[in-house]
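If you check TrEMBL, you get these features:
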type     : residues : note
DOMAIN   : 200-626  : domain 'Anoctamin transmembrane'
TRANSMEM : 208-237  : transmembrane segment
TRANSMEM : 243-261  : transmembrane segment
TRANSMEM : 314-337  : transmembrane segment
TRANSMEM : 357-377  : transmembrane segment
TRANSMEM : 400-421  : transmembrane segment
TRANSMEM : 501-524  : transmembrane segment
TRANSMEM : 591-613  : transmembrane segment
Amino acid sequence: MKVTLSALDTCESSFTPLVVLELAQDVKEETKEWLKNRIISKKEDGGAQLLFRPLLNKYEKETLENQNLYLVGASKITLLLGAEAMGLVKECNDNTMRAFTYGTRYNFKDFDDDNDDFLTMAECQFIIKHELENLRARDEKMIPGYPQAKLYPGKSLLRRLLTSGLVIQVFPLHDNEALKKLEDTWYTRFALKCQPIDHIRGYFGETIALYFGFLEYFTVALIPMAVIGLPYYLFVWEDYDKYVIFASFNLIWSTVILEVWKRGCANMTYRWGTLVMKRQFEEPRPGFHGVLGINPVTGRKEPLYPSYKRQLRIYLVSLPFVCLCLYFSLYVMMIYFDMEAWALSLHDNSGSEWTSVLLYVPSIIYAIVIEIMNRLYRYAAEFLTSWENHRLESAYQNHLILKVLVFNFLNCFASLFYIAFVLRDMKLLRQSLATLLITSQILNQIMESLLPYWLQRKHHVQVKRKVQALKADIDATLYEQVVLEKEMGTYLGTFDDYLELFLQFGYVSLFSCVYPLAAAFAVLNNFTEVNSDALKMCRVLKRPFSEPSANIGVWQLAFETMSVISVVTNCALIGMSPQVNALFPESKLDLVLIVVAVEHALLALKFILAFAIPDKPRHIQMKLARLEFESLEALKQQVQANEIQCPGIFKIMKKHRQEEKKTQASHYLDHS
């Protein structure tokens, strides 16, 4: 028997606030009352059956600054039934991972009626977000008080309120006590130790935990490259024939670390339950618009937008714009080379120490310009991708990532390819690579963490002064926390963090035979990156909603593609070296053929290694196979039980299937 929420849930006058909902200052009272009723109403009445109250009571509103801030929470039963509805996977007492159901709750490890920690706080906030987003219009034609904000049956109320500007933002609250414990084990004590990935997952969710897990893994994987590259830099700088061994190791290394990461990722996500979690049906994006129609899959009313119009926007507007940006990037690159030539000529004429320092100035300026162009292009890419009007968030993200990756790759690496294969100046290539890598790392640390942290500290001091100036008989602790957090920046996802690692991987792998010290600089940067990113998540930005993830998504493919490109570039660079060219003084064709043959052999080795190393460990494969077998057996038993209960219907269905088979057989004989 399926348990319903209304049969179990009780009203709670006081509750632990988990989520904050901020309304616009001029929202009408009838709109507030309507929204409140929809949030707290029972499920069968179209509500979310959540707990809801304003941040300030009537007396406090007269004393404190009036804010349209509301706190949202949920009873324990609401959360448990929400976990069942969303298919959250938990560990059972027999150590298997299964989708949680309220009816079998006592079969799950650590479940107890008095234990409030069965669901992590991140999971609780994710469930509340899911319930709010699934509040749908029933018979309303518009949002009360706003005739221009039209509604139709099945429309998500929260998304309509957000696009109408009536709801400013919805964000999860920090748990200061849990956050302090996490900080103590994460970044406040500078020590060489593993990150508390499971604790990060419990507080921020799987997507962010996977990023920090990948950052830690990638940093450790860079250490062998850094250790091996150091003596090459110090002792055999110009002996390019010796770099063949280093480059070959680099290519094997880049393949092995990505394949081993897949296995480690599978271990983690199976333990967290997201590897076996069934994918939810994806709803339209909040920004998606079109003519109202019926979705043929769900039968719900929703906006429909013709695919050909989207394709026209992509190929007639977005693609030309991206090509124009790429051309502009190449134009800026040529200006950089003019500056390099000017600095070199000045140094040749003068020969002073001052002009020798000046040689690095063009590369530093160019590195800063690259970062500025990357950020400006990112805004343009987001606008264009939103204008293309993709229905699903996954499609939006894929198109955005493709646009940004193509531009960032050309913008960051075009000058290095030009120096390597057109100018063939290895000294300038080393200098440019080192300058671009180090400058970009310093700028990222400042822009992503240090500057936002300084601004946030200033705002924190201002809020504290305002609260301390209030009457002493008012407990404004929660008020201070909410007001402080609502002004924090919003975490926009792991996109920029993975992009930074992707570009770093390119600097390390593409030109490893020219600048083997790149891995050492990457390791040093990543040790500080872990702490600065942790500081950013805990103290600078709003707490993001948890998002279940089973892997790092399209970024795995991006890193693998970069490793394939690195095979080609390193083979070409070694083939261009004076030592290798001296072996073929008469026939350059033989040299080209040998370089191509070696490159193909290394690519074949890469793909053999990728095929030979399974993506999932054997024990994980066995557990997944066992779960699939049990699911099929349960489905078979359910079908048999239904046959016993309704034999007449199943006899008709069986007879219908037999007739279909006979018809198919006769058609086959006729065609034969």
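Glycine too: its Cβ is placed from the backbone N, Cα and C atoms.
Between the transmembrane segment (400-421) and the stretches 243-261, 314-337, 357-377, 501-524, it is 314-337 that has the most C-beta pairs under 8 angstroms. By the count of Cβ pairs under 8 Å, the stretch nearest in packing to the transmembrane segment (208-237) among 243-261, 314-337, 357-377, 501-524 is 501-524. The list of residues near the transmembrane segment (501-524) in space but at least 6 beyond its ends in sequence, with Cβ under 8 angstroms from a Cβ of it, reads 214-215, 218-219, 222-223, 225-226, 228-230, 232-233, 240, 243-244, 246-247, 250, 254, 405, 408-409, 412-413, 416, 420, 426, 429-430, 433-434, 436-438, 440-441, 555, 558-559, 562-563, 565-566, 569-570, 573-574. Panel annotation: around the transmembrane segment (314-337), residues 362-363, 365-366, 369, 373, 377, 380-381, 384-385, 387-388, 399, 403, 406-407, 410-411, 414-415, 418 of the same chain, lying at least six beyond its termini, place a Cβ under 8 Å from a Cβ of the stretch.
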